[in-house]
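Chemist: The structure that follows is given in the form of structure tokens.
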Amino acid sequence: MKACIRCKYLTKEDKCPLCGSETSENWRGFLIILDPINSEIARKIKVDCKGKYALSVK
């Protein structure tokens, strides 16, 4: 898995399918957002699409 360097979305692609940025294999931890509209965590990390997100990307 790789993480987007901008939005932290986890994907297998070299470019993020959400924002088009480059991805990195150097990331740590992840969280899963199931309901971004009603999720307080999604609001805090400014996520509006459900999916897996890295906690830290370098």
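Even glycines carry a Cβ here, placed using N, Cα and C.
Quick paste from TrEMBL:
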- 1-58: domain 'Spt4/RpoE2 zinc finger' (DOMAIN)
- Cys4, Cys7, Cys16, Cys19: Zn(2+) binding site (BINDING)
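Each of these features: where is it, how hidden is it, and who are its neighbours?
Modeler: In the three-state DSSP scheme, Cys19 (Zn(2+) binding site) is classed as coil.
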Chemist: How do the residues of the domain 'Spt4/RpoE2 zinc finger' (1-58) split into helix, strand and coil according to DSSP?
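Modeler: Output for the domain 'Spt4/RpoE2 zinc finger' (1-58) reads 5 helix, 24 strand, 29 coil.
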Chemist: Just name the winner among Cys4, Cys7, Cys16, Cys19 (the binding-site residues) by count of other CB atoms within 10 A of its CB.
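Modeler: Output for this query is Cys4.
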Chemist: Residues other than Cys4, Cys7, Cys16, Cys19 within 8 Å, Cβ to Cβ centroid, of the Zn(2+) site?
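Modeler: Output for this site, in sequence order: Ile5, Arg6, Lys8, Tyr9, Pro17, Leu18, Gly20, Ser21, Thr23.
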